[in-house]
Each structure stands twice: as C-alpha cells, then as structure tokens.
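In TrEMBL this protein carries:
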| type | residues | note |
| --- | --- | --- |
| MOD_RES | Lys57 | N6-(pyridoxal phosphate)lysine |
| ACT_SITE | Lys57 | active site, proton acceptor |
| BINDING | Arg155, Met336 | substrate binding site |
| DOMAIN | 268-393 | domain 'Alanine racemase C-terminal' |
| ACT_SITE | Tyr289 | active site, proton acceptor |
Amino acid sequence: MSETLPVPSRPAAPPAVPPLERRARVDLGAVRHNVRALRARLTRADGTAPRLMAVVKADAYGHGAVPVARAVLEAGADRLGVAHVAEALELRAAGIAAPVLAWLHTRDTPFAAALEADVALGVSSAAELEAVAAAARAVGRRAVVHVKTDTGLGRNGCLPEALPALAARAAALQAEGLVDVEGVFSHLAVADEPERAQETDAQAGAFAAAAGVLAAAGVPARVRHLANTPAALTRPDLHHDMVRVGLGLYGLSPFAGRSPEEFGLRPAMSLQTTLAQVKRVGPGQGVSYGFRFRTTGDTVLGLVPLGYADGVPRVAEHAPVAVGGRHVRAVGRIAMDQFLVDLGPDAREEVGDPVELFGPDSGIPADAWAEAAGTINYELVTRISPRVPRVHVDAAAPGDTGEGRA
Ligand SMILES: *Cc1c(COP(=O)(O)O)cnc(C)c1O
C-alpha cells in the first residue's frame, strides 16, 4: 500500500534544464572551417573547382545530420550526400532544400517519397532503375538519377558487363521523360593508401569507360564523381565534376599516421563528461569485470561515467583520457556505463573534474581511441550512441554553448 502523499498547494516549478552529465560537443565553426579548407585545396590553377558534395550519412558520422548539413551549406557545400533515402527525407523534414543524393537502396526503399521530396537517387542496377521509373510514373515526377558503377570495390554499383543494358534502358526511360540521368559515380577502395596508386588508377580507368558507355547510349552524365576524402586530398586528377567528402568535413584524417592538421582540417567532435567518483586504493585492487587490471601499489582510481552503451569501444583498454588538464590511461574493462582511469598515487583530482576522451581541448585525437580499439576514426565517431547528447557549439560565435542540444 502506498501512503497518501500531501498534495502541494501549487504545482512545483518546472525543473531547470539540468547540466549535461556527458556530451559529444560538435563545433560547427570547425565544420565550416573544414568545408572552406577543403574547397581551397580543390581549386585548380585556372580558378575552377569541382562541386563539393558533403556526405552527411549516418547522422553526419555521429555529429548530427541536420545542424551539420546547415553548417556545410552555409560554408559553401553545393550538395548533400547520404546512403539511405530515409536520411534524405530527414533533412527535407528539417526544411533543408539543397540538392541531396541517396545511393543505398533495398526493395523496400520509399522511392515515391524520395521523388516527391526532390531527392536524387543513385541507381546500381537495371532492377533498381525500373523501380525508380515505376515510382516516377506513379507520382508523376521525373527522377533525377546518378548511375553508380562498380569499378572494382565490389559493393553496390553496376558491374561493367551489366552497364550497356542499364544504359540502354536509362536512355529509353529518359526519352519517356521518367528519368534524367544527371550523374555517374563510383567509389574508391584504396584511396586512403596513396602508395597503392595503381589500384586507384585502375578504378579511374574503369570509371572513364563507364562514363563513355553512358554517353554512347545517349545518356551522357553531366556530373561525374569519384573522389572521397582521401582522393579529394591527394588525387586532383580524380576530382572530375564533383567530389564526395565525408570524413574531412569532421576534421579527421583518412590516412594512417597523418594528422588532420597536415591538411588544414580541425576535428569537430569532443567526447566529454566529468569524474563521477574518485577512490584511493591500495595494491591488489581489482579493476572492473574480469580483473584484467589490478593495482600494484597505492593509487587513485577515477570513475568515468561513459561505457560501451555510449559507444566507447569495450576493447579500448589503455586508451588515453584527459582528466583536468592531465593525460592518464583507461584501466581494466570498459563496461556498459563506466570505466576507470588510473590517476596515480599523488592525484589531486576530485569528483566533478572535467574529463575528455578525445577532442581539441585535450588534443587527444579520436584516432588514439580508434587505435586502442583496433578500428578507424570513421567508426569511432560514428558509433557514439544516441545516449550521449550532441551539443552543437560554434567557436566563431561566442556565448553559444548549451544551445542546440539534440
Ligand atoms: C561514405 C561515402 C563517401 C564519403 O567517404 P569519405 O571517405 O568519408 O569522404 C563517399 N562516397 C560514398 C559512395 C560513400 O559511401
């Protein structure tokens, strides 16, 4: 039986917005800077430059698709790229009207909704083209398509042997007014390893051949695009009419052992929280599941309230962490909600002190966590889970902190 609680004479004041316990801070000023830095590198000697498609799939690699899309467009990106039609529709629902291309579909992809929302579609096969054309007929709108060709990566995209039939069908559907073949594109497999130039060159050759097949069929693509971030940074010969840049927007480097700063890029995301507990312990103290770490002497353990449910990789033991201004190491298993850092016997840190796992404040790169987890920076930032609030700040606009929480 529950007790009867006294009824307050007037409703309690609404709770104030609580301070954030943990956050992925995203500096939109850095994102804008990165667009401009990339643009500067894309400009050719004669002053012309390819168009820049900003790839904001996967919630802008974990940075928040809608605020990032707005920022990149303000900074001069020409178009947006996403994998899923659903991601494109989310941008449209937020009022973003810029050209968007979506390229990874299934039998259940809502092509009609895409066409009604003016979303351009990558098309990887004749069957996909027919489904898009059927949607165009149903809604009475011409589909803008970019033919995706497989030039060696082996993922989605049309293989060279299937391309002539696809091109012929595209020409017939274009004559009917159901499709407009605006673009042709392909994706590179090893551009992040510049020493493997021959393999990239082979893809470039296959891409030129594919563009030729479309032209010969009477559907010459007006926008050819092949380069991702690594090729945008190192292969000006592959820039064609447009580059599709993802990782670079977020200020991360696609090259092992080369920092983003080398390319004039600034990391945008910082993963931050505060110390939740501080414990002075003696030797032999077990630390987290499996006792994979035991203290060997007197020390101080700090509790970081982030874990694998937040996207911190469980395997990233020994990754660096900034506590206050000091760099220390994660010790023991990273659990679902929390992990520990060894602050050493002389620690003066206290509960509430700021903690940064990676980000420009501490200078710890996302790559350090990626390396500790045996993965790449792409995965590290993309996997930060929805449990961690994204806080969008703009270093260029003072006082803009805590707003734009998403
Ligand atoms: C994700 C993706 C990109 C962006 O790649 P980055 O290396 O992040 O620049 C470009 N094109 C396609 C087809 C993609 O899937």
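Along the chain as shown, the residues are counted starting at 1.
Cβ coordinates are placed from backbone N, Cα and C, and glycine is handled just like the others.
Summarised by DSSP class, the composition of the domain 'Alanine racemase C-terminal' (268-393) is 19 helix, 46 strand, 61 coil. A C-beta separation below 8 Å, combined with a sequence spacing of at least six in one chain, links Lys57 (N6-(pyridoxal phosphate)lysine) to Gly81, Val82, Ala83, His84, Glu87, Gly246. Predicted-model confidence for the domain 'Alanine racemase C-terminal' (268-393) is 97, expressed as mean pLDDT. Counting every protein chain shown, 12 other Cβ atoms lie within 10 Å of the Cβ of Tyr289 (active site, proton acceptor). Its Cβ placed at the centre, Met336 (substrate binding site) has 12 other Cβ atoms within 10 Å. For the pair Arg155 (substrate binding site) and Tyr289 (active site, proton acceptor), the Cα-Cα distance reads 39 Å. Looking at Tyr289 (active site, proton acceptor) and Met336 (substrate binding site), their Cα atoms lie 11 Å from each other.
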